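A.B. asks: Provided herewith is a single structure, encoded as structure tokens, for subsequent inquiry.
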């Protein structure tokens with residue numbers, strides 16, 4: 001008997017779900033988004049706007065504003081990212097110099113700015129001016145001698161400890177997500193994972209402030225990786241202002257991909273490298289539209305940074321170089337050797353750093369992050385100060401190592417023995433024998449290299465913002481400069497050897513040691529991150545060395561081959577696995593011959609799958625099922641006997657729908673029958689009003705048969721960004737495969753502990 005009165009009187013009420021209710025389509029923290037659903041929702045939204053735009057002028061203007069909102073977001077991201085990067089660069093310059101002394105005319109001037117403004121500075125003594133005083137001169141009026149050295153040493157250590165303590169305390173108290181480089185998490189977020197607060201306003205503010213503090217403290221870390229995180233925080237903030245992006249997680253990720261490009265653009269002054277970095281290294285889904293928008297965001301960010309001019313050289317790039325000699329074919333051999341060194345260093349670094357980070361996670365060490373940061377800072381400052389190459393900021397060090405020795409260079413690395421009879425133009429100085437300064441610099445660089453290699457392993461991964469680009473480049477640049485000087489001296493003393501005879505005549509400028517430093521830097525960065533195309537483009541944009549693309553490509557490819565021989569993972573993928581993020585890497589190959597039936601749940605001996613029936617369960621039954629399980633969703637079947645699949649309902653939307661119905665619809669009680677069909681089921685006359693939930697049902701869930709090879713299933717999960725996929729045979733539901741089941745299975749096949757890959 002059908003309760004006809006109830007039906008006819010409330011036909012409209014039962015379809016209340018036709019109006020979207022709050023929070024529908026949103027996701028809980030640490031869950032994966034449904035890419036297919038987000039895409040279809042955006043298509044529906046776009047279709048609605050297009051059809052409405054023909055109704056009136058106002059609707060047409062609204063549709064234009066909607067179309068332009070993407071470009072507006074990119075403009076805002078570029079402006080804010082460029083401004084923040086400029087402010088960070090200026091603040092780092094000043095605070096790094098503050099460890100050594102202070103400007104008397106204006107304490108906020110860095111050493112360089114202080115001496116610019118002084119009228120008493122000469123070109124020879126451009127680093128010395130009366131307005132800039134070291135701490136020993138200011139406090140005890142002495143600039144030379146043991147007591148002055150010790151006082152300057154102590155002040156250097158105290159400032160470093162103060163900066164590091166402030167940074168780690170701010171991160172710990174206000175924004176725990178502001179630590180690390182941020183790139184592993186951003187890769188995971190772009191693959192569709194939700195980490196609430198990771199790209200929030202507090203994280204943005206604290207990361208910007210603490211980045212200045214940690215780089216100034218002299219720790220072996222860079223600001224380039226964290227700047228990608230900062231730019232993505234800007235992207236997240238601006239996308240929340242436009243409903244097109246704030247209500248669609250898939251569209252929001254397109255904005256974040258472009259923001260990552262803007263981050264690299266301002267980190268290195270390399271807009272094209274930034275776009276390629278986002279495409280090659282961080283993005284999961286990168287349509288052509290996102291490529292154009294990334295290009296625009298990177299352009300605006302670079303333009304903004306150039307307007308601020310933080311380096312004071314009217315150039316956008318960090319390490320501009322001008323070499324006066326070409327490279328020769330015979331030099332490819334040492335370039336490839338540097339590539340091998342880069343690959344070996346990358347492998348060593350990843351293995352040691354991951355082992356140390358795992359130890360930090362599993363032992364008591366992880367409970368004392370402040371103490372760890374203070375200890376590492378103290379060791380770094382104590383060891384770094386006596387060596388001029390580790391005392392200065394890493395960016396300055398790389399800049400000096402990249403430089404060619406001109407006639408006006410005062411660096412120790414350019415202390416060659418000059419021929420008194422030499423009359424040549426200033427630019428083209430022939431190869432000369434090394435002087436005492438060069439030999440001193442060589443052993444100081446060797447010590448600095450060993451120190452950098454060791455300390456970076458312990459620094460990366462602490463609870464402070466820490467990038468890896470600059471330390472890796474410093475390691476490579478030091479090794480490269482030493483190799484370059486070696487080749488140069490070999491060519492000078494043995495120019496009659498067969499390898500030098502064809503291209504290196506006596507009195508010619510044959511070998512450029514700075515170029516070797518540049519190639520070494522690219523090789524080491526490639527070995528750690530496994531970047532290739534974007535790395536070469538970033539390097540030639542960074543230095544302006546366009547004609548040296550071939551040596552850079554040779555070194556980058558060699559370092560990737562060597563590093564891949566020991567393990568396919570770069571440092572970011574290794575940290576993703578260490579933290580157990582559910583990330584399906586597109587680069588991984590799955591070659592095992594298993595089937596969907598081997599992976600699906602439930603397995604033999606496990607309780608049957610929790611399902612909903614289309615029209616025979618009450619609200620109370622469903623609420624009990626939700627309470628007793630923690631699944632993200634439930635397949636809907638015709639009946640438990642037939643197991644014929646109808647669709648899939650998400651847990652969160654069921655909860656919201658029931659809660660909403662109880663509040664807004666009369667007569668909904670625990671005994672009300674829930675149905676997912678178009679027509680209500682036949683019910684006894686006195687039964688309470690039923691609840692129609694067809695709107696929350698996904699009628700086209702992704703299904704595979706039980707004999708589908710896992711190779712295909714893994715590919716489907718990767719390319720479509722699925723959360724789950726149902727396994728059927730002849731239309732009957734057999735089981736379910738979730739993204740985590742796929743990751744567990746892949747770990748098992750690679751002889752790893754399948755539980756080690758879950759988010760922890």
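Glycine too: its Cβ is placed from the backbone N, Cα and C atoms.
Automatic prediction, not curation, is the source of TrEMBL annotations.
Straight from TrEMBL, here's the annotation block:
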- 68-92: transmembrane segment (TRANSMEM)
- 153-175: transmembrane segment (TRANSMEM)
- 195-215: transmembrane segment (TRANSMEM)
- 227-243: transmembrane segment (TRANSMEM)
- 255-279: transmembrane segment (TRANSMEM)
- 332-356: transmembrane segment (TRANSMEM)
- 368-385: transmembrane segment (TRANSMEM)
- 441-461: transmembrane segment (TRANSMEM)
- 468-487: transmembrane segment (TRANSMEM)
- 515-540: transmembrane segment (TRANSMEM)
- 600-666: domain 'CBS' (DOMAIN)
- 697-755: domain 'CBS' (DOMAIN)
A.B. asks: So, taking each listed stretch (153-175, 195-215, 255-279, 332-356, 441-461) in turn and counting its Cβ pairs to the transmembrane segment (68-92) that are under 8 angstroms, which one gives the highest count?
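C.D. replies: Ranking 153-175, 195-215, 255-279, 332-356, 441-461 by Cβ pairs under 8 Å to the transmembrane segment (68-92) puts 255-279 first.
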A.B. asks: For the transmembrane segment (332-356) and the transmembrane segment (227-243), decide whether they are in contact, meaning at least 3 CB pairs lie under 8 A, counting pairs 6 or more apart in sequence.
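C.D. replies: Counting Cβ pairs under 8 Å, fewer than 3, so no.
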A.B. asks: Helix, strand, coil: count each for the residues of the domain 'CBS' (600-666), based on DSSP.
C.D. replies: 24 helix, 17 strand, 26 coil
A.B. asks: Between the transmembrane segment (368-385) and the transmembrane segment (255-279), are there at least three Cβ pairs closer than 8 Å, leaving out pairs fewer than 6 positions apart?
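C.D. replies: Answer no, regions not in contact.
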A.B. asks: So what's near the transmembrane segment (515-540) in sequence-distant terms, Cβ-Cβ under 8 Å and 6+ beyond its ends?
C.D. replies: 264, 268, 270, 272-274, 276-277, 279-281, 321, 323, 327, 334-335, 338-339, 341-347, 349-350, 398, 401-402, 468-469, 472-481, 483-484, 487, 546, 548-549, 551-553, 555-560, 562-564, 569-572
A.B. asks: Taking helix as H, G and I and strand as E and B in DSSP, count the residues of the domain 'CBS' (697-755) in helix, strand and coil.
C.D. replies: 24 helix, 19 strand, 16 coil
A.B. asks: Do any residues, 6 or more residues outside the transmembrane segment (441-461), come within under 8 Å Cβ-to-Cβ of it, and if so which ones?
C.D. replies: 180-181, 219-221, 345, 348-349, 352-353, 356-357, 360, 376, 379-380, 383-384, 387-390, 397, 411-413, 415, 468, 471-472, 474-475, 478-479, 481-482, 485, 571, 575
A.B. asks: Averaged over the whole of the domain 'CBS' (697-755), what is the pLDDT?
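C.D. replies: The predicted confidence over the domain 'CBS' (697-755), as a mean pLDDT, is 89.
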